[in-house]
Amino acid sequence: MRLTVLMLFGLCLEVTVASKKLDFHNKCKQTVTAGLLGSSTHGVQLYNLQHDQSHTLVLPNNWSGRAWGRYQCYDTKQRSNATQCGAPGTPNPASLAEFAFGAYAGLDFYDLSMVDGYNLPIKITPIGAKQGSNKYDCGSPICSNLPQCPSSLTVKGSDGKLLGCQSDCSKYGGDKFCCGGKYGAKNCGGPYAPMIKKKCPTAYSFASDDPTSTFTCKTSHGYTITFCP
């Protein structure tokens, strides 16, 4: 009996150590549908959150994936519209929280990405970890003050309502708009990347925006994703 109890305790301890929490918290005035797509989830997972409501997931400590939030996606009819409610991408952008747990030397890597575009203010906060000597060590990337979307980059639903803002890179492609080749961070040809970096300096504004946008943490028990922080 004692051996059985010890074995069960060891199993519970192993499960505890081998998992991390991912908390969604909606501080927006409207209902937000949180989305998740990752290495251990079967397709896109969606969770409706009313104002000030939270939802917690327990994920493997080697999980990797992305999370986002959307308005107007809380019922079956709305979710049938891929542009309005599908997994974020080039035609239907969303503000992204990206994670790779235990990706290198026990470090979690995480970031906010507006590379394809954005739709909601968003923040990531490590759980149970203090910020280190610099803001990228267990720090909290945030994009709470979104820039106004240029009319040429707006994405609207079938009802004409604004769903999000598409990046000029995802819309037009090429080094000029994607800050690639000879252009780089300081010479992007389009207005989008500088616009994002000015308002949200710790978020990815283009694909190679690593130095000012990648966060790592070794001591976190998980992460809170806050919509409208």
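Each residue, glycine too, has its Cβ placed from N, Cα and C.
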Need the cross-check against TrEMBL: the disulphide partner of Cys149, picked from Cys165, Cys169, Cys178.
Cys165
Just the number: how many Å between the Cα atoms of Cys28 (disulfide bond) and Cys165 (disulfide bond)?
18
Cys179 (disulfide bond) versus disulfide-bonded residues Cys138, Cys200, Cys228 - nearest by Cα:
Cys200
Ten-angstrom check, please: count other Cβ atoms within 10 Å of the Cβ of Cys169 (disulfide bond), all chains counted.
25
Taking Cα-Cα distance, which of the disulfide-bonded residues Cys138, Cys149, Cys188, Cys200 are within 10 Å of Cys178 (disulfide bond)?
Cys188
